[in-house]
Each structure stands twice: as C-alpha cells, then as structure tokens.
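Below: the structure, in structure tokens.
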Amino acid sequence: MTKPLEGIKIIDFTHVQAGPACTQLLAWFGADVIKVERPGSGDVTRNQLRDIPDADALYFTMLNSNKKSLTLDTKKPEGKEVLEKLIRESDVLVENFGPGALDRMGFSWERLNELNPKMIVASVKGFSDGHHYDDLKVYENVAQCAGGAASTTGFWDGPPTISAAALGDSNTGMHLAIGILTALLGRDKTGKGQKVAVSMQDSVLNLCRVKLRDQQRLERVGYLEEYPQYPHGEFSDVVPRGGNAGGGGQPGWVLKCKGWETDPNAYIYFTIQGHAWEPICKALGKPEWIDDPAYKTAEARQPHIFGIFKTIEAWLADKTKFEAVDILRKFDIPCAPVLTMKELANDPSLRASGTIVEVPHKKRGSYLTVGSPIKFSDMKPEVTASPLLGEHTDEVLASLGYTKQDIFNLREVKAV
Ligand code: CAO
C-alpha cells in the first residue's frame with residue numbers, strides 16, 4: 001500500500017518527547033524519517049527509566065517507531081559536512097533542542113534556508129520566539145504550568161495539578177505535525193520552504209481554550225454556573241479549579257461504583273446531558289424527578305447537583321463500573337468506566353483497531369505501544385520497531401554517496 005508521505009525525507013533532530021512524537025506520526029504515514037543522534041549516547045530517553053538492562057527504554061521505543069537512526073557528531077566539521085549533504089536532499093528538518101542550540105551548531109534558519117530553500121524547518125521550543133521567557137528550557141510539567149493547564153486542573157482546596165496526559169510534549173508534537181503538513185502543501189504552491197515554530201506554552205493554552213472562555217465570562221458576570229463553586233461557594237477574579245466538573249455546559253462528575261472502597265478505579269464518569277434528563281430519571285428509577293420543578297431544568301438542578309450525584313452513587317453502589325455503563329448506555333447517557341492502564345493494554349477493541357499494538361524489537365522482545373489514533377479508509381499505519389542507536393548509519397551514509405572507506409574514516413574521527 002502506498003502511504004501518503006512516501007518520498008518525503010525528514011531529518012529528525014529531535015529528542016525526549018515533543019519532537020519525537022511529531023516525527024513518529026509522520027513516519028507512520030510513510031515519511032522517511034532519519035533520526036540524527038549523538039554517537040555513543042543518542043537520545044537521552046534510550047537510557048531513561050530502563051526496565052531491561054542494555055536494551056533501549058520503553059520511553060524511547062514508544063516514541064521512535066518506524067524511524068532510522070544515524071549517529072552523527074554535528075559539532076565536528078566531518079559531521080557537519082554529512083549533515084549538510086543530508087539537508088540538501090531533505091524535505092523537512094525537525095528539531096527541539098534548547099533555545100539557540102541549532103544556531104550554536106552553525107545551522108541557523110538563514111543557513112538552512114541557504115543550503116536548501118525548499119526545506120521546511122520545524123522547531124519546538126518551550127516559549128515562542130520573542131516571548132519574555134524564550135531563553136528557558138522546558139519540560140512537560142513546566143509547559144502545563146505556563147500554559148494555564150495546572151492552574152485550572154485539580155480541586156479548589158488543593159494545589160495546581162499536573163495532568164498525566166502529555167499536554168506539553170506529545171500535544172505540541174501533534175501541533176507541529178499539522179504545521180509541517182501545512183507547510184508541505186504550501187510548498188507545492190510556492191516551491192519554497194519555510195520555518196514552522198510551535199511553542200509548548202501555546203500548545204497547552206490552545207487546549208485550555210475553554211478556560212480562557214471562562215475567564216472572560218467570569219469577568220463579565222462574576223460566577224461560572226457549571227463549576228462546583230456555584231451557587232454556594234465563592235469566586236475570585238481568576239478561573240478556579242473545578243475538580244471533575246464538565247468543561248462545557250453539561251454537568252458531570254466521577255462517581256463511585258461497587259468496590260470503590262478497595263479499588264481506586266471503581267468509578268464511572270457520569271454526564272447529566274440537559275436533554276437526556278428524562279432517560280436519566282428512568283435509568284435511575286426516579287420517574288418522579290422528570291416533571292418535578294426542582295429537577296426539571298438544568299438551572300433548577302444546579303444548586304443541588306451534588307445531591308443528585310449522591311443519589312446516582314447510591315444507585316451505583318451494587319453495580320461494577322462495567323455493569324453500570326452497560327445499563328446506562330441503553331438510555332443513551334454519555335458515560336464511561338474509569339479505565340486503568342492495565343485494562344486499556346488488554347482491551348480487545350483497542351487491539352483490534354491498532355490503537356494498542358505489540359511491536360517486535362531486536363533487543364527487548366516485544367513491547368506494547370500506542371499506534372496511530374488517526375484511522376484512514378485507505379491505509380492502516382503499521383508500527384515497526386524503533387531503531388537501535390546508529391542502526392542505519394552505514395545505509396544512510398551510503399545513500400549520500402559515501403564509500404566504505406569514507407565511512408571508516410568518519411568512524412576514525414568519531415564523527416559517526
Ligand atoms: N552531535 C553533537 N551535539 C549534539 C547533537 C549531535 N548529534 N545533538 C545535540 N547536540 C548538542 C546540541 O548542539 C546542544 O549543545 P549546546 O548546548 O552546547 O549548544 C546539546 O546537545 C543539546 O542541548 P539541549 O539544550 O537541547 O539539551 P538539554 O538536555 O540541556 O535540554 C530540553 C533538554 C528538552 C530541556 C531542551 O532541549 C529544550 O528545552 N527543548 C525545547 C523544548 C522541548 O522540546 N522540550 C520538550 C522535551 S520533552 O519533555
């Protein structure tokens with residue numbers, strides 16, 4: 001099957017998570033992604049949190065599938081020369097080094113554009129160019145704090161909280177992938193490459209869009225009626241943390257199910273969708289609530305929404321999270337069990353759809369990873385193992401015209 005990005009050559013100068021998540025996605029869709037890594041050590045995640053001695057850590061294998069690995073010391077003249085050759089025949093260079101690192105290496109945007117005016121240069125940084133923090137190095141949690149996620153996540157009586165979802169890293173990588181694909185389409189029209197830059201702060205903020213909505217509503221009316229603080233609690237002049245409240249107009253909460261006393265994940269998320277009030281009452285065996293003025297409208301329910309949740313929890317007390325969802329789904333109620341990583345790893349539907357995939361690896365045996373969450377009618381992205389450090393060095397150098405002797409010489413000066 002021909003993949004849409006076949007023929008697109010990408011220099012993957014990325015490390016850790018934000019950049020690799022972007023290039024992995026492009027590799028799944030057919031791009032020829034060559035990961036350039038420092039000889040001897042490579043991407044730092046190869047060694048981070050190893051579970052098998054001497055084998056690449058899962059952090060690396062789960063973010064670098066379908067790629068090639070070329071070791072190259074791009075600070076040495078010999079390494080720079082190889083990189084320049086590669087740049088001349090590539091379509092995209094993706095990097096997420098600390099601020100200024102690429103310039104210090106001698107590969108500023110101007111230089112890259114001079115070497116290959118058709119090449120797209122894509123960068124992830126913690127903060128956007130010109131931002132008063134643009135000199136900062138940034139990791140995931142820093143970005144979540146800087147992008148508004150932490151101040152709006154968690155409970156009102158606790159501290160700002162970090163989400164387990166990689167809002168700063170993988171999310172930024174996904175934004176960058178959209179930018180790269182857009183620039184590739186643009187190049188088809190103009191023949192020119194361009195610089196695509198995404199900051200982690202901006203990408204987090206983009207996902208916190210509804211919180212910026214709430215800030216403006218709060219400033220106008222002084223309260224936010226879908227937050228647990230309404231109507232009994234106090235609002236300050238900033239968007240508060242709303243616990244597990246629904247972000248839109250539909251109230252919802254995480255509710256206890258049978259076994260919650262011993263199982264920390266025996267919960268479901270229950271949404272009280274406004275127009276589904278009648279089926280909710282029927283499902284709960286509370287037909288008298290349907291026309292009761294204290295329950296009939298969303299506005300009437302809000303002052304005692306937690307009382308309603310308590311009643312639902314009483315109904316859930318003899319049902320597991322799976323049994324509860326099986327009943328509620330028949331009433332068209334938006335809900336789901338709170339699933340653990342163990343349950344997700346073994347979920348037959350996720351296995352069948354290719355969202356959870358088992359990948360054979362030369363050193364590790366097989367490992368589980370998350371495959372493409374994007375599904376196509378004409379293509380099923382296949383996930384192949386991440387490369388060993390320098391696994392494709394000879395192959396890539398040969399494709400650039402280097403002879404066996406040249407490659408030997410490059411090894412002698414430790415440039416590859
Ligand atoms: N050959 C020679 N040198 C190489 C090389 C190679 N193949 N690859 C990288 N290097 C060098 C760089 O030139 C740079 O050297 P200098 O600092 O001397 O100029 C250095 O290695 C890498 O520096 P760095 O700042 O990128 O690395 P770090 O570990 O200090 O910081 C991180 C890591 C992630 C905080 C930083 O890269 C960063 O802020 N990146 C942008 C934001 C980002 O993507 N963060 C997400 C990370 S995922 O959680």
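Glycine is no exception: its Cβ is also placed from the backbone N, Cα and C atoms.
As recorded in TrEMBL:
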type     : residues                                    : note
BINDING  : 15-18, Arg38, 72-75, 96-98, Arg104, 137-140 : CoA binding site
ACT_SITE : Asp169                                      : active site, nucleophile
BINDING  : Gly248, Gly249, Gln250                      : substrate binding site
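DSSP classifies Gly248 (substrate binding site) as coil under the three-state reduction.
For Arg104 (CoA binding site), other Cβ atoms within 10 Å of its Cβ number 12. Note: the substrate site is recorded as Gly248, Gly249, Gln250; in the same chain, Glu226, Gly246, Gly247, Pro251, Gln273, Gly274 also have Cβ atoms within 8 Å of that site's Cβ centroid. Filtering Gly248, Gly249, Gln250 by Cβ distance to ligand 1 (under 6 A) retains none of these binding-site residues. DSSP assigns Arg104 (CoA binding site) to a helical segment in the three-state reduction. In sequence order, Glu226, Gly274, Ala298 make up the list of same-chain residues 6 or more apart from Gly249 (substrate binding site) whose Cβ falls under 8 Å from its Cβ. Looking only at the recorded positions Asp169, Gly248, Gln250, the one with its C-alpha closest to Asp73 (CoA binding site) is Asp169. The number of other Cβ atoms within 10 Å of the Cβ belonging to Asn96 (CoA binding site), over all protein chains shown, comes to 29.
Neighbour density at the Cβ, taken as the number of other Cβ atoms within 10 Å, is lowest among the recorded positions Asp73, Asp169 for Asp73. When the C-alpha distances from Tyr139 (CoA binding site) to the recorded positions Asp169, Gly248, Gln250 are tabulated, the minimum falls on Asp169. In this structure, the CA atom of Gln250 (substrate binding site) is 29 Å away from the CA atom of the residue listed as 'active site, nucleophile'. Annotation for the binding-site residues His15, Gln250: lowest Cβ count within 10 Å of the residue's own Cβ, Gln250.
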